[in-house]
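Marked as transmembrane segment by TrEMBL: 6-27. Annotation comment: TrEMBL describes 39-48, 67-79 as compositional bias 'Basic and acidic residues'. Residues or ranges marked as region 'Disordered' in TrEMBL: 39-79. What TrEMBL records for 85-126 is repeat 'WD'.
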Amino acid sequence: MDSVLAIAALSFVLGALIAFIFFRSYLLKKRSEVRTIAKPELHSDPKKQSKPPQSISKKSHPKSHSHASDKDSNKCHHPLDLNTLKGHADSVTGLCFSPDGHNLATACADGVVRIYKMEDASSKSFKFLRINLPVGGHPLAVAFSDDASSIVVASQAMSGCSLYMYQEEKPKTYNDSKQQTKLPLPQIKWEHHKIHDKQAILTLTGATASYGTGDGSTVIASCSEGTDITLWHGRSGKILEHFDTNQLKNSMAIFLLPQQRLQRM
């Protein structure tokens, strides 16, 4: 009986000793982890704090240059992407190049038409001419008339669609040696309102009437979202022809050169 009690007591003591050793090692491990976590905050290196902030800025310069180069590379969406025109405050609804290719007209939903002077297409900034449409309308499409100084604009308003023909005035000569330095803003030469039965214009396209009995002036075709297309004389604004299928709605219209035929889609 005494031997059984002695064995039980010895087993209890050994179990307690093993449990003590295990918990002691566990507590020491936790303390070491806490010290390593608190060490950077409590025991900071004075040498690191003594470093001037200039060294940090010098290190950050290469990174900033790399970020800038990354942004520039992201702007090149296509290998043929030459430049980007900026300035409009809303979505661009129409654009057209002048016959000589040196001017680009853009129509924006903010009510402004811009004519960019593109002598150098790779330039960082372009000179442009700003045309504000009459209040209440926003431009839908643009097309150049006889030259780069005249442009036809399609505008949409609550009352319907309108066409405006803007043309730059020639500078006035005051004396033989003195000439006006700044060109005046383009003025409205002709306008038509509530055309195409108040339906919106989808596209404007122009071509020189040099085929057959053409006099060399520009013919403007306005294609509505309905079933009709109207041909306008760009210089005078007179209606030359009116087409209506009465069945299929339009999606766009273009001139096919050199025969100057009209293609409807």
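For all residues, glycine too, the Cβ spot is worked out from N, Cα and C.
All annotation found in TrEMBL is predicted automatically rather than curated by experts.
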For the repeat 'WD' (85-126), residues assigned helix / strand / coil by DSSP: 0 helix, 18 strand, 24 coil
Per-residue pLDDT averaged over the repeat 'WD' (85-126), given as an integer: 84
